[in-house]
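Novice: Below are the structure tokens for one structure; questions will follow.
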Amino acid sequence: MSNAAIARSARQRRKRAGEQVRQAFAYLFLTAGSLVMAIPFLWMLSTSLKEQGREFEMPPKWIPEVFEWQNYVFVLTEADILKGFLNTLLVISLPCLVGLFTSALAANAFARMDFPAKNVLFTLLLATMMIPGVVTMIPTFILFKHIGWIDSWLPLMVPGMFGAAAAVFLLRQFFMTIPKELEEAAKVDGMNPLHIFLRIMLPLSKPAVITQGLLGFLAGYNDFLGPLIYINTPEKFTLQLVLASFQGFYTSQWTYIMAGSVLALIPSLLLFFFAQRYFVEGITLTGMKG
């Protein structure tokens, strides 16, 4: 073996060793970060199973001596958490489904169609994402008050059904990665733009659509400020308002609050668990082309 080959082999071994060291440090850093991020959840789960008055013992006991499952029984039977969960599903169902479809329509137009001032309109759309919500909060409340929508679910449902700028941006980025040859072949076969969108663009964009649907669901599911502003009747409270009401009715009973929080977290965990493959793929591919 020549000296050049020996040197090249040594460089390759050093390169592989360096990559392995960097990968080991990356895994170590991610593992440590995951453990740190999991601490609040573990504390919440531990507190939900403790006896009343033992929530803030020092030093803290992560594993209770006695598991108080009665905390969950109380939250499910005495509190309105199930009704709040159903109210939340009713509030976010139409904005998620209809809003996702309208966002996809707009994203398809910006990605695949040519019309006057397209780039200007897209820039204006992105500019709306930079406006803080507190700027439009009071004018929006006054508007809904004048049309009689206060203390109803309509202010939480109707605006979301017209789509969202962030959803349009994410889906538009994904649509731009789809080869135009597919669209041209469909036009040759006599398909109109709507059929192309429904039969080609949407099926091929399943990762991005599922990702945006998941993000939209979580945004509505975790929304606290919107229901707090517009909903006054306890029977119409969403899940987040029901959890917040525990701090008023059961100020010192943190075990009930944590039990309700654990139950409220389960749907989000299940969604991420079953849709994580599409979520990662959708986030990755939407950044491939700008």
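Residue numbering: from 1, along the chain as shown.
Note: Cβ is positioned from N, Cα and C throughout, glycine not excepted.
Those TrEMBL annotations? Automatic predictions, nothing curated.
Here's the feature list from TrEMBL:
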- 85-275: domain 'ABC transmembrane type-1' (DOMAIN)
- 21-43: transmembrane segment (TRANSMEM)
- 85-107: transmembrane segment (TRANSMEM)
- 119-144: transmembrane segment (TRANSMEM)
- 156-175: transmembrane segment (TRANSMEM)
- 254-275: transmembrane segment (TRANSMEM)
Novice: Sort out for me which stretch, of 21-43, 85-107, 254-275, has the most Cβ pairs below 8 angstroms to the transmembrane segment (156-175).
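Specialist: Maximum Cβ contact count belongs to 85-107.
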Novice: Cβ under 8 Å to the transmembrane segment (21-43), counting only same-chain residues 6 or more beyond its ends: which ones?
Specialist: 60, 62, 265
